[in-house]
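K.L.:
The structure follows.
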């Protein structure tokens with residue numbers, strides 16, 4: 001089923017259908033408004049797929065707007081990474097990229113309009129006093145002693161704020177609403193604060209910056225957004241969103257709708273916590289394959305299609321819930337099982353010699369995908385010396401062990417049946433070489449005498465093997481909800497990265513960055529985009545062939 005055929009339905013799409021049917025709107029215009037203060041993560045992918053997906057399905061428009069109202073935390077590095085992530089996920093924004101900073105002059109004029117209407121005032125309480133005066137969920141707030149300044153006085157003070165005549169934290173512009181409101185967001189929220197910091201778009205033009213709640217709704221209205229979609233934590237903020245638009249002179253009145261945010265198990269989404277992982281060098285960086293960032297998932301080997309499918313499967317609801325990591329892993333397994341070419345890699349090699357096989361090599365033809373002949377085949381050399389995985393041999397084993405056992409037979413993938421005859425060990429009793437014989441009449445066919453050989457193992461020709469590093473990534477945390485722990489860093493999974501040195505078949509010698517494979521019997525891997533090269537192959541494990549954590553949780 002294609003993504004187009006699997007068009008989802010949810011409460012937001014039902015609202016849009018009704019709006020179009022009643023003529024409330026004649027078209028659909030959404031937006032994706034990230035703050036450029038970090039890298040996008042899988043939670044943002046849900047919002048991207050929703051906003052851009054809705055616009056695409058209804059032949060509408062979706063803007064990419066950077067909510068760049070805090071110059072202290074923002075950087076052009078994040079702007080560039082966000083643009084790349086959106087495009088990599090398969091979406092294109094409508095028209096030019098927007099920035100909230102594009103509207104700073106207009107926002108300033110709207111702030112003056114509120115002052116002139118007696119609906120905003122300059123407050124000189126300290127940030128700590130503002131918090132104290134705001135009250136709690138059980139206690140109402142109390143009015144600032146500066147709340148009843150005259151309109152003229154507020155206009156003069158606001159202009160002084162803009163001119164840089166106040167230090168940071170010494171003055172701010174607040175909306176005059178209701179300090180006794182049951183909704184704390186409506187207790188005279190701050191609209192502008194002072195920050196002496198260079199802005200990545202505006203330079204040093206401004207030293208006062210509008211707050212998110214003031215900027216967001218006006219930006220939506222200026223852009224003609226019909227459906228402003230955001231996550232549930234902004235539900236109470238909708239009251240302020242509507243209040244601002246109702247009290248300024250503006251024609252367009254967008255409506256905000258909230259949906260549940262994505263909470264994925266075995267990871268954290270908080271920018272503060274993610275930044276701590278990077279700053280403390282627990283991970284390599286924002287694109288570390290263990291991170292839930294889009295760039296991290298991409299480097300690990302996740303495809304854009306698998307992430308879009310994941311967002312489709314989890315759906316859009318009004319109720320927060322935790323999504324199992326297995327749901328995300330299932331999407332990439334399904335994608336790569338269908339589309340990734342097969343190859344052989346030995347991650348923990350032990351030497352195997354086929355003593356009755358002549359010297360030289362034999363070229364075997366192997367399908368790139370067992371169920372897709374259109375993906376073609378590749379030539380793989382076979383010789384009397386090969387590498388197999390150390391876990392695929394035992395000197396003694398029970399009947400459930402379907403691999404190579406001393407004195408017994410097994411089939412080599414797409415090759416011959418071999419029998420283990422003897423082993424050679426080092427001084428520490430470690431096996432260094434397995435000596436075998438082979439049946440030269442069993443190349444891709446059963447033995448003529450009818451004997452049954454059930455096990456199949458993979459291999460790489462020792463003569464032609466290409467050395468490679470394998471980075472076995474796993475879940476970064478040992479508990480499903482690390483963010484709820486007192487010390488989330490104490491729950492780091494010590495096995496989240498295991499590095500192995502082994503070999504791959506020669507067809508992978510020129511593996512391209514981010515190229516994905518199914519390494520037979522091992523899992524899904526991709527060539528690392530940062531460290532892999534022709535001289536030093538590095539493959540990241542994207543996912544195992546099956547969910548090993550399901551068994552762990554049951555034990």
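Cβ from N, Cα, C; glycine included.
In case it's useful when we look at the structure, here is the feature table from Swiss-Prot:
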- 35-37, 41-47, 231, 261-262, 269-271: ATP binding site (BINDING)
- 67, 212: L-glutamine binding site (BINDING)
- 34-44: motif ''HIGH' region' (MOTIF)
- 268-272: motif ''KMSKS' region' (MOTIF)
K.L.:
So which residues does the motif ''HIGH' region' (34-44) touch in its own chain, when a touch means Cβ under 8 Å and the partner is 6 or more beyond its ends?
P.N.:
66-70, 73-76, 78-79, 81-82, 85-86, 200, 212, 261-264, 269, 271, 274-275, 286-287, 291-297, 307, 310, 328
K.L.:
With residue 212 (L-glutamine binding site) as the reference Cα, tell me which of the binding-site residues 35, 44, 231, 270 is the closest one.
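P.N.:
Sorting the binding-site residues by distance from residue 212 (L-glutamine binding site), the top entry is 35.
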K.L.:
Take the C-alpha atoms of residue 35 (ATP binding site) and residue 67 (L-glutamine binding site) and report the distance between them in angstrom, rounded.
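P.N.:
With the alpha carbons as reference points, the distance is 5 Å.
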K.L.:
As a quick check of your reading of DSSP, tell me how many residues in the motif ''HIGH' region' (34-44) are helical, how many are strand and how many are coil.
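P.N.:
Helix (H, G, I), strand (E, B), coil: 3 helix, 1 strand, 7 coil.
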K.L.:
Could you tell me the C-alpha distance between residue 270 (ATP binding site) and residue 67 (L-glutamine binding site) in angstrom, no decimals?
P.N.:
18
K.L.:
Between residue 262 (ATP binding site) and residue 67 (L-glutamine binding site), find the distance joining the two CA atoms and give it rounded to the nearest Å.
P.N.:
20
K.L.:
Whole-number answer please: how many Å between the C-alpha atoms of residue 42 (ATP binding site) and residue 67 (L-glutamine binding site)?
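P.N.:
Roughly 19 Å, rounded to the nearest whole number.
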K.L.:
Near residue 231 (ATP binding site), which residues of its chain come within a Cβ-Cβ distance under 8 Å, counting only those 6 or more away in sequence?
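P.N.:
Counting only residues 6 or more apart in sequence, the Cβ neighbours of residue 231 (ATP binding site) under 8 Å are 47, 258, 259, 260, 261.
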K.L.:
Report, in whole Å, the straight Cα-to-Cα distance of residue 67 (L-glutamine binding site) from residue 44 (ATP binding site).
P.N.:
14
K.L.:
What is the interatomic distance between the Cα atoms of residue 46 (ATP binding site) and residue 67 (L-glutamine binding site), given in whole Å?
P.N.:
18
K.L.:
When a 10 Å sphere is centred on the Cβ of residue 42 (ATP binding site), how many other Cβ atoms does it contain?
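P.N.:
Residue 42 (ATP binding site): 22 neighbouring Cβ atoms within 10 Å.
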